[in-house]
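*Asks:* Here it is, the structure, as structure tokens.
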Amino acid sequence: MARQALRSTLWLLPSILLCFPFCLPLSGQHVTELPGVLHCGLQSFQFAVNLSLEAESPVLTTWDSQGLPHRLKNDSDCGTWVMDSPDGFLVLEASYSGCYVTLEGSHYIMTVGVQEADVAGHVAGTRQRLLTCPLALQGKAPDTPNAKVCSPVPVKERLPCASSTISRGDCEELGCCYSSEEEGADSCYYGNTVTSHCTKEGHFSIAVSRDVTSPPLRLDSLRLGFRNITTGCDPVMKTSTFVLFQFPLTSCGTTQRITGDQAMYENELVAIRDVQAWGRSSITRDSNFRLRVSCTYSIHSIMSPVNMQVWTLPPPLPKTQPGPLSLELQIAQDKNYSSYYGTDAYPLVKFLQDPIYVEVSILHRTDPSLSLLLEQCWATPGSNPFHQPQWPILVKGCPYAGDNYQTKRIPVQKASDVFPSHHQRFSISTFSFMSAGREKQVLGGQVYLHCSASVCQPAGMPSCTVICPASRRRRKSELYFDNSTSISSKGPVILLQATKDPAVMLHKHSGTHADSPTLWVMGLSASMVITGVLVVSYLATRKQR
């Protein structure tokens, strides 16, 4: 029984250790998945993450088998290396035999995370990722290029990958395309991708197609050794479609790292983007391209490369993606929309018929093809958008025609920090709700503003444009307001009725409730007292004389 219990404990131990990073350091914190690109090498993890999307001062962290956090840094004793890139990406490499990697069955596992801090500097949450790589990667051959990579290359644009006498198997082992059908053409050639390998002579060989990016890559913008540019590192061969770099392991900014009985050589291939300035704006038509390659050799001989790995720049986040629509309704302080009232400024105080400048905008989106459509806007005396009574402001995107003081739509001007199609602006004249009875009394004197809106694509097209007035609008079936989202003002607007009569203002705001006869008697009495005092003073003066 004791042996059986011991076996059960040993069997459960990896799972218990795996649970520590999730349970101990993160109790009471909000945990979400950390996005990034993982590559499984023969000896290590390689994980690239864009920390510019995380907190202001992100810290890459891991947890040991006891659940204790450790800040990741360059530490050869623990087998971790952290490298920054100018584009904001951080590349972590962690050896499978390092301090923070656990062997779980047939996989190596490691937990990494980025801790996020609040305004006070306290840890508010963690974005976390469990890295897993299979155990058996030795002897893995390069992927054979598929037809999509090989077929589009014209015969006259082919860049030879090896001699014409090479066999199909040896050609594909280099990661190259093979074809013996075209007479006089190179049978082994590079495909429309990045092809790299380590030679027995101790050289890197890297071929890049212009079609690996969209828009196509400017091949003359590629540079080797981004951190240490040296001479003699130009391409050895170049066509209008391909460029080929071949250089020794000890040149062109290559870095070397010794781990055990193996030496790893690394270099980078970077496209320098052409940025043109005009006024206060800068533009570029070049793609973002960054490539890191490594060759691993035995320190006893370079005749047999152990491993070749390539890390490309992680793809950018999509500009268009499904998700909740976040809107904001703000009231501007002036007609130029130069500033807005904050939450602490509510309730706002306005006089009847004064303009209120309203803006509804999309939050957390940077896609210029999105267009914000306002469907309905209305006012209620309470914060509940379904509260009664309601007064329409916009109906199907157009000012409500039944109002004597019609709402005015205000165009959004282009600005460096504003997508015009993400904003809708209008001004309204303030009003008060009246009771439904014959006396028509003012109800409460405050209103809340509400709008329902949706997003349309592409911006600027007739199908995404509201035309007013109704007589000029397209047929009803041509414009849809599906899946609309509602938004309300941050607080109420208190409406006052202005008056220019000081007597009325005095009567309204005085603390007495006396009626007119009482005021008349009090005034007469005061006059008689003042007259009596004056007469007595006059008689006393004459008597002294």
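Cβ from N, Cα, C; glycine included.
Here the structure is a predicted model, which means the values were calculated and not measured.
The signal peptide annotation in Swiss-Prot covers 1-28. Feature annotation from Swiss-Prot assigns topological domain 'Extracellular' to 29-518. Feature annotation from Swiss-Prot assigns N-linked glycosylation site to Asn50, Asn74, Asn228, Asn336, Asn483. The domain 'P-type' annotation in Swiss-Prot covers 148-192 and is backed by sequence analysis. Taken from Swiss-Prot, the feature domain 'ZP' covers 197-471, and the record attributes it to sequence analysis. Here Swiss-Prot flags Thr312 as O-linked glycosylation site. If you look up Swiss-Prot, you'll see Cys377-Cys451 marked as disulfide bond. According to Swiss-Prot, the transmembrane segment annotation covers 519-539, on the basis of sequence analysis. The topological domain 'Cytoplasmic' annotation in Swiss-Prot covers 540-545, and the record cites sequence analysis as its basis.
What's the neighbourhood like for these features in this structure?
*Replies:* Counting every protein chain shown, 18 other Cβ atoms lie within 10 Å of the Cβ of Asn50 (N-linked glycosylation site).
Taking Cβ-Cβ distances under 8 Å and a sequence separation of 6 or more, the neighbours of Asn74 (N-linked glycosylation site) in its chain are Thr80, Trp81, Val82.
When Cβ-Cβ distances below 8 Å are used as the criterion, the domain 'P-type' (148-192) is approached by residues 141-142, 207, 209, 211-212, 237, 239-242, 244 of the same chain, each at least six residues removed from its ends.
Asn336 (N-linked glycosylation site) counts 10 other C-beta atoms within 10 Å of its own C-beta, drawing on all protein chains shown.
In the three-state DSSP scheme, Cys451 (disulfide bond) is classed as strand.
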*Asks:* Could you break down the residues of the domain 'P-type' (148-192) into DSSP helix, strand and coil, giving a count for each?
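*Replies:* Within the domain 'P-type' (148-192) the tally stands at 12 helix, 5 strand, 28 coil.
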*Asks:* Might you list, by sequence position, any residue in that chain lying six or more from Cys377 (disulfide bond) with a Cβ less than 8 Å away from its Cβ?
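*Replies:* When sequence neighbours closer than 6 are ignored, Cys377 (disulfide bond) has Val358, Val360, Pro392, Ile393, Leu394, Thr407, Phe426, Leu449, His450, Cys451, Ser452 within Cβ distance under 8 Å.
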*Asks:* In terms of DSSP three-state secondary structure, what is the assignment for Cys377 (disulfide bond)?
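*Replies:* Note: Cys377 (disulfide bond) is in a strand by DSSP.
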*Asks:* How many other Cβ atoms sit within 10 Å of the Cβ of Cys451 (disulfide bond)?
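*Replies:* The answer is 24.
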